Amino acid sequence: MTAHSFALPVIIFTTFWGLIGIAGPWFVPKGPNRGVIITMLVATAVCCYLFWLIAILAQLNPLFGPQLKNETIWYVRFLWE
């Protein structure tokens, strides 16, 4: 269940930002700044995708867990039983 719940957002966001970065430049009108607009569009798609990917991967495998004192652990255990 976890692999499926992780794979679906990755596929959706990869497709979304891929379409913006690859298909978006096709719709930029011709003009003197066309190259700049295409560069900005592709750079924005890449940066937003990488920001999202790094954030989701950091949540998937955190470097450290919550730091609890022994008293807190015993109190939570007492309340949950």
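Here the Cβ of each residue, glycine as well, is placed from N, Cα and C on the backbone.
Looking only at the topological domain 'Lumenal' (1-7), the predicted model's pLDDT averages out at 68. Residues or ranges marked as topological domain 'Lumenal' in Swiss-Prot (evidence: a curator's inference): 1-7 (among others).
Summarising the annotation, Swiss-Prot assigns transmembrane segment to 8-28 (among others) and lists sequence analysis as the type of evidence.
Taking DSSP states H, G and I as helix and E and B as strand, the topological domain 'Cytoplasmic' (29-35) has 2 helix, 0 strand, 5 coil. Per Swiss-Prot, the feature topological domain 'Cytoplasmic' maps to 29-35.
For 36-56 (among others), the entry in Swiss-Prot reads transmembrane segment, with the evidence type sequence analysis.
The topological domain 'Lumenal' feature in Swiss-Prot is assigned to 57-81 (among others); the stated evidence is a curator's inference. Sequence-distant neighbours of the topological domain 'Lumenal' (57-81) (same chain, 6+ residues past either end, Cβ-Cβ under 8 Å): 6.
Feature annotation from Swiss-Prot assigns N-linked glycosylation site to ASN70. Annotation note: ASN70 (N-linked glycosylation site) sits in a helical segment as assigned by DSSP. Take the CB of ASN70 (N-linked glycosylation site) and look out to 10 A: across all protein chains shown you find 7 other CB atoms.
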